[in-house]
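Structure first, commentary second.
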């Protein structure tokens, strides 16, 4: 619960994250599956990166993008989980104001990067399936580097004003207690005693700009892929083409469905209990990094083959 009063605090040096409001008594138990998912995500994504780096046959655009997604997932999870588990298990709830803003910037920047990588993967599959003879000449390593640079710069530039608008515009706060497990943008903004309209508008602008642009082109890419696949004359060719996309589609759907639910319930779901908001916001950040390496490991033949090869070579018996 957020306590409001007529007393305001000027630029508080420390904020307090209380975790999941209403579930404080069971947070220590909630931390167990969260910790398991975090460890599995770290192992899975690290293994994925190791295989892609050490296997020359995987130095292709699709696998490079999967590797970039793995790095993004590791950063997102690591930016929130140590502090979250500290709150759940050790009641270490305080966080420096500047550290909170840095966590917020890191989190939202890499969420934006993740969305951009999914767009790049969709475009790669679009060219590979709709224009297979031109794929190697279009999606060169130079283009992959350029796309990666644009995705990173876009995320960093769009996320930075959120931090500056809080740091230099909101200086008085009703409370220093954040009803959340991490420093989420709106959860911090709502602490302020001043006019937060500009902060809310910019937050919505970034969310809809990034999501709207990426979703439009991702949807276009996969719709064109489906049209092309269904027009292939042979059933085997259709299945093979579709199978190269199914892992990407699953990752795309589970990320955006969780994101939309979290986003809209946090802003418009006033009738939904607060602990549901916080749980889904946390799950939205934890589940994709946990599932992504499993999905790509199972559905991508080249990665699956190299995982089996690595396991066999490490166990000579």
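Cβ from N, Cα, C; glycine included.
Nobody curates TrEMBL annotations by hand; they come from automatic prediction.
What you see is a predicted model, and the numbers here were worked out from it, not measured in a lab.
Listed in TrEMBL for this protein:
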| type | residues | note |
| --- | --- | --- |
| DOMAIN | 44-296 | domain 'G-protein coupled receptors family 1 profile' |
| TRANSMEM | 7-23 | transmembrane segment |
| TRANSMEM | 29-51 | transmembrane segment |
| TRANSMEM | 63-90 | transmembrane segment |
| TRANSMEM | 102-123 | transmembrane segment |
| TRANSMEM | 143-166 | transmembrane segment |
| TRANSMEM | 201-220 | transmembrane segment |
| TRANSMEM | 241-263 | transmembrane segment |
| TRANSMEM | 275-296 | transmembrane segment |
Given the cut-off of 8 Å on Cβ pairs that are 6 or more apart in sequence, determine whether the transmembrane segment (63-90) and the transmembrane segment (201-220) share at least 3 such pairs.
no
For the domain 'G-protein coupled receptors family 1 profile' (44-296), would you mind checking the mean pLDDT of the predicted model?
89
Which stretch, 29-51, 143-166, 241-263, tops the Cβ pairs under 8 Å count with the transmembrane segment (201-220)?
143-166
Proximity of the transmembrane segment (241-263) to the transmembrane segment (275-296), 3+ C-beta pairs under 8 angstroms:
yes
Output the single range from 29-51, 143-166, 275-296 maximising the number of Cβ pairs under 8 Å to the transmembrane segment (7-23).
275-296
Go through the chain and flag residues at least 6 beyond the ends of the transmembrane segment (29-51) whose CB is under 8 A from any CB in it; none is fine as an answer.
20, 23, 58, 66-67, 70-71, 73-74, 77-78, 81, 84-85, 88-89, 282, 286-287, 289-290, 292-294, 296-297, 303, 306-307, 310
Would you kindly list the residues that approach the transmembrane segment (143-166) from elsewhere in its chain, counting only those six or more residues past its ends and only Cβ-Cβ distances under 8 Å?
61, 64-65, 68, 101, 104-105, 108-113, 116-117, 119-120, 185, 188-189, 192, 198-199, 202-203, 206, 209-210
